[in-house]
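Following: one structure in structure tokens, then a few remarks.
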Amino acid sequence: MDTCASMEIKDMYMDKSETDVFIPLKQRTCFFNSNDLLTKRGQHAHMLKIILLAIIPVFVLLIQSSIYISNDSKVVSQQKSVQDNISLSVEIGLLVHFLQLERGATALYISSGGSNLVLTSLESNRLKTDIALDSLTNWISVPCPFHFLTRKAYRVRLQDYRKKLKPTNTTIKAAVEFYSNDNDVMIDWVGLTVKDSESETTWQELTAYHMLLLSKEQAGIERAVGSTFFARGSFSVEELLWYTERKILGATYLERSMQYSKFVRTIIDERYTNTHLLTELVIMREKIIANSSSLASVTAGILWFNNMTQYINILKDIQDGLAQEIISSLADHITSLQKSLIFNVIEIIGVMIMSPFIIYLVYRLTKKLQSFATSLKHKTADLEIERKRSEQLLYQMLPIEIAKRMMKNLSIHPEHYDSVTIYFSDIVGFTTICSMSSPMEVIHMLNILYIMIDDRLELFDVYKVETIGDAYMVASGLPIRNKDRHVLEIAMMSLDIMTVVNKATVPHIPEEHWKLRIGINTGSVVAGVVGTKMPRYCLFGDTVNVASRMESTSKPCMIQMSTSTKTALEKFPQLLIRERGEMTIKGKGMMNTYWLIGHRHGNRSPASERVLC
């Protein structure tokens, strides 16, 4: 009677669970906590929850797109500002170029004592400077010195200096410094533009552009000072040092510019290196450095001036070409940013338009799902899938036959195997590698190693027993017996794994190659399942211990085996075996061991060329 009553209560409970699985045991008053999908209140609560979950990603996407639009707008504005500054710097660079020409002509005019031939060239250069100054689309507006506040102020300063300039009332150094100081202000402004640009795409070209301006400025001073040498015939020690300093600085800045830009190096190689101009300049520079007194010659000064002008014009052409590359690169970058901005705007508009439709579709879908809430039929297929997945996972942990017996709650008895072959391997120097690695790197490293070895096991009739750290244990001949082929399977697998693993490198230490050490042994074992919470399929017997000793006493990149394994392999003459000799094996005393060198027509141990004793 008690049994019948118990069964009746159980049946009632099962009926209840199959039909009212979502009904709470205790009625709650909170609207959002109502889980009863069979009531209007519960359905409305679940409906509201699902709609809120659908709306939240929409709002997140809207906020994210708004942030992207704001950031892209700022970046586009910044890049346009950089582009405008670079465009202005090109114009400023042209002004600096003509100021350099005027400076050189002024120095030559002073050193020549006011030669009319030089004066004509000086007036022509002054006119070019004035045109470049008037052609500026904007002004740099540097607060200090004060004459750079406006373009008009700078023009007045330049005109006043020209009117007062006489060969008798000034020195070459003063004239050079007058122009050089103004050029330094403008070049520094270009440098600040490069620094403030923060452009990810053009910073190297911008730096090269700045270095090129500095090199060109030093070359201009070198031209002016060198003209003085030929016009006067010699240098004082102070003037020679001044000239040498400018010459070295110009070459250094040019080298830096070429390091940052292939374009600069290419043009220099094409138009200057190994040219007649370079040869003449080298000869004339050597005369200046030697500072040997010679006859003063305005003609020689003009020749030097013209040669240096050709060189500076080459730098000017490179400067203009590099500036155009920078502007073009910035324009492309801005176009890309604008496209991204437009895409984000379209995306946010699309989201706003689609949001009502999404909410409506979610509402309709939720209504349909609620109509099936009282039935668990659709869960059966999912449950079956999960059951099979669990079975597959268990089959990977234990032999299939044993796993099936465990699922049926059948007893599992240990089984004796007369002859199997056991494989052990580990990584030589694994402790040292771990000491140089973080825990996450060790896990990643072992995962890659195990996957590599696991993939090779699929090619052989073997069973993976377990892994502990870098140690790897494999057996053949169990749980399914394969007569006497187990020794061949393990041997071929060992050679294959040794070949594959030793070619690989440690993931985070590319210069470190894996060095595998392998030991194998053949004999009888007893196999059984140990434990119930996390059951493990374990092997017991002296055969396992000897296999482990074969591995621990083996050598890097070598496969050591016992006498029993060697005897079993004599049936397969295609395998190459070498005797190692007697070894002291812990717990066993002296044992004769052998090396498995390789296969006559296949894989060989990486260390097969040296037979270790």
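The backbone N, Cα and C atoms fix where each Cβ goes, glycine too.
Source: prediction; values computed, not measured.
For the domain 'Guanylate cyclase' (421-551), the predicted model reports an average pLDDT of 87. Sequence annotations record features per position, and here TrEMBL assigns domain 'Guanylate cyclase' to 421-551.
Long-range contacts of the transmembrane segment (50-69) within the same chain: residues 340-341, 344-345, 347-348, 351-352, 355, 358-359, 362-363, 366, each at least 6 residues beyond the stretch ends and with a Cβ under 8 Å from a Cβ of the stretch. According to TrEMBL, the transmembrane segment annotation covers 50-69 (among others).
Annotated transmembrane segment per TrEMBL: 341-363 (among others), in sequence order.
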Report task. Work out, from DSSP, the number of helix, strand and coil residues along the domain 'Guanylate cyclase' (421-551). Result -> 53 helix, 46 strand, 32 coil
